[in-house]
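Accompanying notes for the structure given below.
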Amino acid sequence: MQRVFSGIQPTGIPHLGNYLGAIRNWVTLQKDHDCLFCLVDMHSLTMLWSPEALREQTLASTACLLASGIDPTRLYNQSAVSAHARLGWIFNCVSRLGWLNRMTQFKDKAGKNRENHSAGLYVYPNLMAADILAFHATRVPVGDDQRQHLELANDIAQKFNHDMGVEFFPQIEPLIPPHAARVMSLRDGSKKMSKSDPSAQSRIILNDTADDIAQKIRKARTDAEPLPSEEAGLEGRPEARNLLTIYAAMSDRTLADVLGQFAGQGFGTFKQALADLLVETLAPVADETRRLMGDRAHLMQVLRQGAERARAVSEPIVSEAEKLVGFLR
Ligand code: AQP
């Protein structure tokens, strides 16, 4: 059975982009793959953080993932399993500065002020490679924004194998959904929907109420033109494309099919239909998330048990990697 690994940062409540780009696929994959899903709390330290918020958001994200249908036995938080940090350090020494310099996510997040960002943000992709390879996972379901990091993980695996003269780490295959792999902000169709966007109106989060969802969709930025009948008519209209793509992904239909239904109509009717569709799927997730957040002891227990299982899988692999690089045991 193929092993699957994927993670999400507990930097806030997961949003619709996380759901369509990653979480929804995790739920499908866990049916016939050996899956590990991780709250990557160590990655959350790469940007400024508050310890109290990190604790709360780790529990809230756990609740959201369970409410979305993730199997509790497959979920844990990264910092509880030392294999991540140990292999992460080895990969810091295998990865090349030239490779990291090409990472667009670092450039996007650091912006013009890169000298003031943490060294962690820069080496984040090395830790991400360790997250996956510590389990010899070969399939990684992610959104499109993570494609470059997975290419780097394969370069690291290959260089490690070459330098140590072994065939130890496998190659990784990204599983990127064919539709809605990059959900954009509801306020600006050129920006990725993100937990760290200062505007709460830019994203739908998985514990939004039905009213929140309807209000955010009503206020989502659009343009003055009616909806086109063909995809070509979405050229230069990123906000319209984003909303239609979300509708198509949520209803498991093609964009062409959705355009056929709404062609020539204004955004009023379409936004109402989109809000209804989102509420139908997400409101039960939000209700269950709120219920689970009331039971912190249960959430902690899920993470502890998940970490135990993750330790059992990763320990022999990372111990072997440590032996291969020459560490004495
Ligand atoms: N907008 C998106 N569309 C599709 N997929 C997305 N993912 C994130 N944003 C979108 C996918 O969700 C998974 C978990 O992402 P993450 O939380 O680890 O990190 P991120 O990509 O940095 O997400 P955010 O929301 O933008 O977080 P912040 O603001 O904290 O940096 C990944 O598979 C990702 O591809």
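Just so it is clear, glycine is given a Cβ too, placed from its N, Cα and C backbone atoms.
Per TrEMBL, the feature ATP binding site maps to Gln9, Pro10, Thr11, Gly17, Asn18, Gly143, Asp144, Asp145, Val183, Lys192, Met193, Ser194, Lys195, Ser196. Neighbour count (other Cβ atoms within 10 Å of the Cβ, all protein chains): 15 for Asp144 (ATP binding site).
Cβ neighbours of Asp131 (L-tryptophan binding site) (same chain, under 8 Å, six or more residues apart in sequence): Phe5, Gly7, Cys38, Val40, Gln78, His84, Gly88. Look at TrEMBL and you will find Asp131 tagged as L-tryptophan binding site.
Mean model confidence of the motif ''HIGH' region' (10-18) amounts to 95 (pLDDT, 0 to 100 scale). Annotation comment: TrEMBL describes 10-18 as motif ''HIGH' region'.
Positions annotated as motif ''KMSKS' region' by TrEMBL: 192-196.
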**OP:** Could you tell me which of the binding-site residues Gln9, Asp131, Met193, Lys195 have their C-beta within a distance under 6 angstroms of some atom of ligand 1?
**Re:** Gln9, Met193, Lys195
Original post:
Who are the chain neighbours of the motif ''KMSKS' region' (192-196) in space, where the CB to CB distance is under 8 Å and they lie at least 6 residues beyond its ends?
Top reply: 9, 11-18, 47, 145, 182-186, 202-203
Original post:
Hey, does DSSP put Gln9 (ATP binding site) in a helix, a strand, or just coil?
Top reply: coil
Subject >> Within-chain partners of the motif ''HIGH' region' (10-18) [C-beta distance under 8 Å, separation at least 6 from its ends] >> reply: 39-41, 44, 47, 49, 54, 57-58, 60-61, 64-65, 77, 143, 182-183, 192-196, 203-207, 246, 278, 282
Subject >> Number of Cβ atoms other than its own within 10 Å, given for Met193 (ATP binding site) >> reply: 26
**OP:** Specify the count of other C-beta atoms within 10 Å of the C-beta of Gln9 (ATP binding site).
**Re:** 25
